[in-house]
Structures are given as structure tokens and as C-alpha cells.
Amino acid sequence: MVLKVFFPLCCSSADSGILIGRWISEQNSAVILAVVHFPFIPVQVKQYLGEVQRVAKVSVSVLGSWSHSKQEKEESLSEFLEDLGTIFCHEPWIQISKEGDSKFWSCSTLQKHSRNPQEEEIILVYYDQRKVMLSHLHPPLDTAGQGAEDASKLAAIFDTVARSQVLFLTDRYDEGPIKLTHWQSDGVEASIIVELLKQASVPACMLLAFLLSLLSGICRSRVLKFWPLSFLWSKLSTCEQLGHRLQHLQVISSNKKAQNQNQLMRKANIFVSLLIDVALGILLMSWLYRKNRIGHLADTLIPVADHVAEELQDLLQWLMGAPAGLKMNRALDQVLGRFFLYHIHLWISYIHLLSPFIEMILWYVGLSACLGLTVALCILSDIIALLTFHIYCFYVYGARLYCLKIYGLSSLWRLFRGKKWNVLRQRVDSCSYDLDQLFIGTLLFTILLFLLPTTALYYLVFTLLRLLVVIVQGLIHLLVDLIDSLPLYSLILRLCRSYRLAAGVKFRVLEQQDGKPLRLLMQINPLSYGGVVQTYRLPTYSCYPRDSWASLCKKLFLGELIYPWKHKGDKQN
């Protein structure tokens, strides 16, 4: 039978002593957790292990002896280590020895109480205790008792190390009768700054949670549910982003402890995302308020709006003539052209009316960048929507007119075939029409068919302009979603401490000789960067359309409206 001994690398240079760990009889494996050095009193060691077993709920015991002879091997020491097996009474008694700086180790077992002792093949597996402890490849701690039974063999090993955390809190600087060697024996891994931040974070989180509860109560009040405010809250992407960040702050300031690794990573990713977002927003704000850049931007905005309006006027004059040599219905062409030109004149008057206040508006809008770069980008998207509102109106007028003609022609085409649309059963049924109905239908069909090219041309031009605006807004919101959803903390952790995001383990052969135990090195495989993004990606609230190409083409053909935002109930979870 094969005996597997998992030995921590941090104990390879420890002084001689006894090995404490967990014996997994189902797998015939021994997990070494620490080395107890001489001198010690066996009764105190048993009491200490009983206390650890009571707190950690792991059956920790003395598994064998460890001999590290820095000089020549002494017979008295080896005999003394063998005699310890009668005191602690563990079967089998594992003996591991290392001579000086030699790379060759010897590992054997003693079975004094067995009637038929059998020679076992031993596999010595080295593992990094720190990486195994922090890799979270073990079952969750709340279901560890049940998970360790059903988990795989390696999961049981990882679970043993993770649940023995109380054993690693004792280092060599602690005064006591027992001296241990483990991954934190040179000093418990900690930071004064981190501990101070932990102590200060409790009152800060309580204050932040109180303020956020007040703010969320105001947001849920009935005042915001009335028509004008509810419409603006659901349509403006800035309001959606502020609500999204409010939920993020509530998650961070929550007093509930993270139940598992995914919740902990989600909180850390949200916190880092908020920090980077606010830092980028402050950098943007400092850039805007230097050298009077806001004044230059306000002076540039009005000429750009006038130039866009002039280009639209030239486009409408071109459509009112003979665009690309096409024969248009002159009466309808003139009516539509003058109607849209009148809207452009109204828009120019509206822009010039606001021109004295634009610099002041931009100055106050620039202050919102302190809330984060994503909020500033959402405000930019809303400003673009307001500045191109006349294009949106042109698109809506053209789409409605085109949609009316398409549905009218389809209805009249069914009339020619002696069919009609059954509203109750949502299907096409046969129907008999009178001669007068067929005559009126033929006249209407002819009129709509000859007017369709003029309407379709206006619809096509304004749809292309609308798609251009939607694409610009989509790119802005794509950047917002990238900042909101990218797991920056996980990516930094993958870059600096990849073992914290483990995907599995691999074994490398260190030594394989006849008469000696097989020595393996267990290494942790980290998650790939794509796996990190897919696993720890944060939920986002999308504000731009995500229709498929087929759905988009169908909407364009039927004249249905394309919105640059999603409604409040269409949030992506």
C-alpha cells in the first residue's frame, strides 16, 4: 500500500523534533502541519493539541519524528526519536530524517503494534504551506465538516491546512513551553498599517452605512415616483450610474462578514474599482480647471452646434431637390423639408438662448467628476443626448411616418388577397370584401406605394444620423461598463500573488531512486487572466442597446424606435 506524506517546505530547515499533523486513514495519507522542537513535555504537547483540536475541529496528533542532523548522525538521538512512538502511540510512526545540507532524505515507518507489519511504498510530497493556506482550494469553512468527507483527496489536504489556522498563530517569539516551526514561525504575518485600518474601518463603515441609509431612503421616497422625476431618473444614464454606485457603497459599508471567497473578492473588487474611479475623476477635474479649459470648451461648443445645424440645413436642402438623381414626390418632399427646417431654426434659437449660461453649467458639471470618472462619462453621454435632441426628433418623426406606411401597405396587401388580420387569435384569416372596399383599398395602396420612396429616404438619412449618435453613446457606456465591471483587485492579485486565485495543482518529480521514497513538489496552478475576468466580473447596469444584428435589422426595416438606453427594469444582473 502507498503511504503519502505531505511535508511543508518551511519545515525542511527546522531543528529535530516531533511531527504534528492530521492522519487521513481513508487515503492512507499524513498531512504534516508543524514541527515541535526539543525540549518539551509530552503532557503539555497533548494538552496543546487537544486545545487546537477543540478550536479548529481538526483531529491533530503527533504523527512521527523529524531528525535534522547538522553534524554526523547520532545513534542516541535516533533511538530517542524511535522511543517517542511508544509515548504518543500513533500507528504508523513516521520517521523523516535529513543529514546536514544534503538533498537526500530518508523516510520510513514503524508499526510496533501491528502483528503483520508490511513494507509500504512512501511518497513524500512537499507543499508550500502559505500558498496552500491562502489558495482557497478547500471546501467552505461553514460546510467543511461535511465537505471534507465528500471532497476529493487533495481538497481534504487543503481543508486540513486551512482549518488549522489557530495552530499557526504561535510563533517563536511567544513565551511558552512549546516551540513550533511552521509558515508563520518567524513572526505572524501582519502589518501595523493594516491593523490600524481595520480598527478605524468599523466606525467609518457605521457612519457611511448611516448616511447611505438616509440617501437610499430619499431615493426610495414617493417624491421621485411622480411623473417628471421618475421619467428623468429612468432615462438619464447619470441617475442610473449614481444608483449603481450607491449600491456598491452599501455593499462595501455592510457590517456582514463575507461568507465565502467569492463574496470577499466581490467586496475587494468593488472597493478598488471605486478608488480608481474616483482617482481618475479627480485627475480629470484637475485637468479641466487648469488654464481655463472649461471656458475654452464653452467657447467651442456654440460654434460646433451652429456648424452641425448648418450641415443639417444643407442636407435637408439636398433632400428637397433631386438627391442622387432620384425622382421624389415634390409636394411631400417640400412639406417634410420645410417641417424639419423649422425644427432646426427652433434648435438654433434654443442653443443661442442658453449660450450665456453654458460656461457656468459646464463649471458645475465639472465638479461632478469628484464622484468618479464613470459619473463624468455618463454626464457627457447625457449632454450629447441633449445636444442631439433635434436629430432624435427627426428620427422619431421619420420612423413613425415610415412605420405607418409599412403597416398600411401590409394591411392593404392582405386586402388584395382576400385576407385580414384576426386581432383576437393573432393570425391571418380569410375574409370576403365588397367591391367598394376593394376600390378604396386599391386607391390607398397606390397612394402609399408612390409616397413610400420619399418617406423611406428621409427615414434612412435620419436613421443613419441617429445610429451615429447611438454608437458614440455606446462607446462611452462601454468604457463605463469596463470601469464598473472589471475585477481590478483580482487582476492585481493574479499578477502579484497568483496562488490566491488557484485553479488546481500540479506535481513535479524531484527525486526518484530505488530504495528511497519518491519525492514530489506540489505546485499551485493559478487562474488564467480570462478566467479571472469571467469568475470575478462585477454586475453592471447597461445603458446602451444590446440587440442582436437580426433584431436590429428587423427594427430598422419595420421602423421601430432604437433607444440609446435601457429601461429601469432591463438591468443586467
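Quick reminder: no glycine exception, Cβ is built from N, Cα and C everywhere.
According to TrEMBL, the features are:
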type: TRANSMEM; residues: 200-219; note: transmembrane segment
type: TRANSMEM; residues: 270-289; note: transmembrane segment
type: TRANSMEM; residues: 335-354; note: transmembrane segment
type: TRANSMEM; residues: 361-388; note: transmembrane segment
type: TRANSMEM; residues: 394-416; note: transmembrane segment
type: TRANSMEM; residues: 437-461; note: transmembrane segment
type: TRANSMEM; residues: 467-492; note: transmembrane segment
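Per-stretch counts of Cβ pairs under 8 Å to the transmembrane segment (467-492) identify 361-388 as the leading one among 270-289, 361-388, 394-416. Tertiary neighbourhood of the transmembrane segment (361-388): same-chain residues 236-238, 240-242, 245, 274, 277-278, 280-282, 284-285, 288-289, 294, 297-298, 301, 305, 354, 469, 472-473, 476-477, 479-480, 483-484, 543, 564, selected by CB-CB distance under 8 Å and a gap of 6+ residues from either end.
For the transmembrane segment (394-416), same-chain residues at least 6 beyond its ends with a Cβ under 8 Å from one of its own Cβ atoms are 339-340, 343, 428, 433, 437-438, 441-442, 444-445, 448-449, 451-452, 455-456, 458-459, 461-463, 465-466, 557-561.
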